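K.L.:
Can you read through this structure? Questions will come right after.
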């Protein structure tokens, strides 16, 4: 899903680092997969991969399954992780993360 954007080894290492429930930290994850160092274009491409229903927003249900977008065998985020992730990214309070909010979150 992220070929040409992220290195497989970086993705594997990032997923391994948050295998345990409630160990997910979006800043650490973005750094480990190499997303924070990417161009604005690549960060937008990643958004559209994660926006599974192509609504133009990443909703709570998509955030819950965020890790599985990187690897089908990865765990779902816990409710606490999902809510914290959404709260961090949803700067306008509409209950979803838009592409500009996503870009700001990745670079935060």
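Backbone N, Cα and C define each Cβ position, glycine as well.
Okay, so Swiss-Prot annotates it like this:
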type	residues	note
BINDING	51, 53, 55, 57, 59, 62	Ca(2+) 1 binding site
DOMAIN	38-73	domain 'EF-hand 1'
DOMAIN	77-108	domain 'EF-hand 2'
MOD_RES	1	N-acetylalanine
K.L.:
Counting only residues 6+ apart in the same chain, whose Cβ is under 8 Å from the Cβ of residue 53 (Ca(2+) 1 binding site)?
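P.N.:
Within the chain, residue 53 (Ca(2+) 1 binding site) has Cβ neighbours under 8 Å at 59, 62.
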K.L.:
Please name which of the binding-site residues listed here, 51, 55, 57, is nearest in space to the residue listed as 'N-acetylalanine', Cα against Cα.
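P.N.:
If we rank 51, 55, 57 by Cα distance to the residue listed as 'N-acetylalanine', first place goes to 51.
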K.L.:
State the three-class DSSP label for residue 62 (Ca(2+) 1 binding site), counting H, G and I as helix, E and B as strand, and everything else as coil.
P.N.:
helix
K.L.:
So if I exclude everything within five residues of the ends of the domain 'EF-hand 1' (38-73), which remaining residues of that chain have a CB under 8 angstroms from its CBs? That is, six or more out.
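P.N.:
Contacts with the domain 'EF-hand 1' (38-73): 1-2, 5-6, 11-12, 14-15, 18, 24, 79, 82-83, 85-86, 89, 95-99, 102-103, 106-107.
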K.L.:
Mind looking up the mean pLDDT for the domain 'EF-hand 1' (38-73) in the predicted model?
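P.N.:
Computed over the domain 'EF-hand 1' (38-73), the mean pLDDT is 97 on the 0 to 100 scale.
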K.L.:
Within 10 Å of the Cβ of residue 57 (Ca(2+) 1 binding site), how many other Cβ atoms are there?
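P.N.:
There are 18 of them.
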K.L.:
Just how many other Cβ atoms lie inside 10 Å of the Cβ on residue 59 (Ca(2+) 1 binding site)?
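P.N.:
There are 16 such Cβ atoms around residue 59 (Ca(2+) 1 binding site).
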K.L.:
Which secondary structure state does DSSP assign to residue 57 (Ca(2+) 1 binding site), in the simple three-class scheme?
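P.N.:
DSSP call for residue 57 (Ca(2+) 1 binding site): strand.
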K.L.:
When you measure from the Cβ of the residue listed as 'N-acetylalanine', how many other Cβ atoms are you left with inside 10 Å?
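P.N.:
Its Cβ shell of radius 10 Å holds 12 other Cβ atoms.
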K.L.:
Would you list the other residues of this chain near Ca(2+) 1 - those whose C-beta lies within 8 angstroms of the C-beta centroid of 51, 53, 55, 57, 59, 62 - in sequence order?
P.N.:
52, 54, 56, 58, 61, 96
K.L.:
How many helix, strand and coil residues does the domain 'EF-hand 2' (77-108) contain under DSSP?
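P.N.:
Its residues fall into 20 helix, 3 strand, 9 coil.
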K.L.:
Name the residues of the same chain, 6+ apart in sequence, whose Cβ is under 8 Å from the Cβ of residue 51 (Ca(2+) 1 binding site)?
P.N.:
57, 58, 62
